[in-house]
Amino acid sequence: MKKSVFLGTLTVAGLAAGLGSAATLDDVKARGELNCGVSTGLTGFSLPDANGNWTGFDVALCRAVAAAVLGDGTKVKFVPTTGQTRFTALASGEVDMLARNSTWTFSRDTDLKLDFVGVNYYDGQGFMVRKDLGVTSAKELDGATVCIQTGTTTELNLADWFKVNNLSYTPVAVETNAEGEQQYAAGACDAYTTDASGLAATRAAFADPENHVILPEIISKEPLGPAVRHGDNEWADVVGWTLNALIAAEEYGVTSTNMEELAANSPNPEIRRLLGVEGDLGPMIRLDKDWAKRAISVGGNYGEIFAATIGEATPIGLARGLNAQWTQGGLLYAPPFR
Amino acid sequence: MANVADAPKDTFRLSMLLYDTRYRSLTIQVFVFFLFMAGAAWLVDNTMRNLEALGKDFNFGFLWNRAGYDISQRLVEYTNDSTHGRAMLVGLLNTLLVALLGCIAATVIGVIVGVLRLSKNWLVGRLMTVYVEIFRNVPLLLWILLIYAVFTEATPAPNAFRPNPETGLADRSMFLDAIAVTNRYTAVPNSVFSRELGWLDLGLFYINIDVLAVLAAAVLGWWLNRMVKARATRIQNETGVRPATWWSSVLLLLGLPVAVLLALGFHLEFPELRGFNFVGGLNVSNSFMALWLALSLYTGAFIAEIVRAGILAISRGQSEAAFALGLRPGRTMSLVILPQALRVIIPPLISQYLNLTKNSSLAIAVGYLDLRGTLGGITLNQTGRELECVLLMMLIYLAISLVISAVMNVYNAAVKLKER
Ligand SMILES: N[C@@H](CCC(=O)N[C@@H](CS)C(=O)NCC(=O)O)C(=O)O
């Protein structure tokens, strides 16, 4: 089936092409490739390297799903989407899922006919300014020019926050993070605002990260997670439980290196069910027994992925914070595998 | 008589629909019409089914919901508490503003360049050719981006205008203490009235009564001036001597509005750097400047060609005759050539105006929030109403284009050769 998104009038045609198939799982299997909507480029989350290989935290989730469904984590076509095009791309069927720092909100989950199937990063919106401005709090930004990405929750939060705090500002609308970075670096805006993780990633990509500060205020809740089309529950289960498998694997200490050994020797029934040695969870979501094993083997469990892409050892240097396991005081909590 | 009655009866057979040339064209038309209707019905049906499958309905209720986002350039009152409909209006006015100013600038550029391109001065002629070829042959989007990049990368940040606390000197100083070109906007003085007459509520927006008063004075002056001139012509016709009218023209056309301006306490408010940005004056954003300049220069190049073609369409005999009558080249151009050339120029000029207006939707590239940026951008995205927003946007662009053509056609009818 020909699937392409034409913005504008052709959205209609796009809708027509994308539909007719509520069963995304069958489509993906038949196609032998997963179409995954990612950002146009955000260091640590989704960015193609010099050889065109996509890497990052969001990318790892796409690869895990591809491995679970197709048995191969490389069978992914990454489709870069901007804040403005991402939901149309999903609704029209150009992509099978979104893993693109997208915030789970009420209206997106209901009115926009998406289904968020979990949270892979608990975030909040922050501000970044140049150090030499001497600003130490976002409350000092009265009259400032602020760069924001359009089509995001960011621009709505910003309007609300400045209004509540009785401050004025001039918005400069940008389409992608790269454009925002460039405008901010050129001094066309005093402050850049987006999800705090995005700020850290953006700052890490600067030549002079030490000259920029991220202000202490976090002005919103941004649960970022993968989304699929509303109404395809089977596919939603596959994506959601793949994410849960990565999170649960970390909780039970299953890593990409000890996985085989644990599958063979672990007495823990939860681990045995997760790895498909016991019970048949896989067939319940129309996959085989080893689905979770394959998902974990691509980039490791949630913790391994986090550490390799955005963790404290990387230039982005994000602490686990809210994204630690519930057993470590964080919010990550995978439902039981039984 | 009998012959007529005996004429063979015209019996109609079905095959005649295909083989009889009298009916064939009708058959084809009916057939095509049905095909067209079937196609349209299929499209509508397909859309409805798919919307239903997606669980989406088709309604415009979202236009009355709170927009929640801010727009930096707004010609009418707007806050993030206003509705999406209001945001659409703000975007529409931004589109119209850049389109109107673009059409004016493009016409001025086009006429000047078109005339100069025919200049006998080799250098001037060649320079104009270079301009036309460069702008015509590079995509508009690239021009917009290039001009925008020049504005943001090659101009100083507002901060550079701040005096150094130690030396008291700033890196940059404002032009004439009134204009500052920065990498965000160009700060220019703003006009204000110290005697506020209040605002006129027009339902959708307010109009400053001071501005209305000045406009009224200007129109009144223009109208009085016409009366004075008509009277002068009458006297001239009667007596052969035309009374001097220049002083009353100056008084009426300039003096009257200026008097009203002064009475209302008109003055300029100069921009000054306070906090992060210039305040007090008017900050014309770089995205607007880039879009406006690029649209004007690009379309101006096409208009120049149209003007040149129009002038060349007038036969040499006309200008030779004008010269023979002793008209100077400038007057020959303005009195003889251009009025006739306008007939050739106006129709293609209309398309250029339409092009410019529609091209203004490239505003998205520099974050200028026009109709495409508000209704077709942020509103579409935040509400997920793709179909509604896009249809509405198409309808509005269509309406704007039809209005422009209608107005220009009226003008065309006025200048075209009167044939009797
Ligand atoms: N979480 C917000 C903002 C998402 C967003 O646009 N994030 C930025 C930076 S954190 C991004 O991913 N940019 C990459 C791009 O421009 O493609 C939302 O869902 O609306």
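Heads up, the Cβ atoms here are built off N, Cα and C, so glycines get one too.
These features come from TrEMBL:
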type: TRANSMEM; residues: B:23-44; note: transmembrane segment
type: DOMAIN; residues: B:92-408; note: domain 'ABC transmembrane type-1'
type: TRANSMEM; residues: B:96-118; note: transmembrane segment
type: TRANSMEM; residues: B:130-151; note: transmembrane segment
type: TRANSMEM; residues: B:203-224; note: transmembrane segment
type: TRANSMEM; residues: B:245-268; note: transmembrane segment
type: TRANSMEM; residues: B:288-314; note: transmembrane segment
type: TRANSMEM; residues: B:390-411; note: transmembrane segment
Among the ranges B:23-44, B:96-118, B:130-151, B:203-224, B:390-411, the one whose Cβ pairs under 8 Å to the transmembrane segment (B:288-314) are most numerous: B:96-118
Close approaches to the transmembrane segment (B:203-224) from elsewhere in its chain (Cβ under 8 angstroms; 6 or more beyond its ends): 76-77, 89, 193, 195-197, 252-257, 259-261, 264, 266
Positions on the same chain near the transmembrane segment (B:96-118), where near means CB under 8 A and six or more residues out: 75, 124-125, 128-129, 131-132, 288, 291-292, 295-308, 310-312, 333, 349, 352-353, 356-357, 360, 363, 368, 370, 400
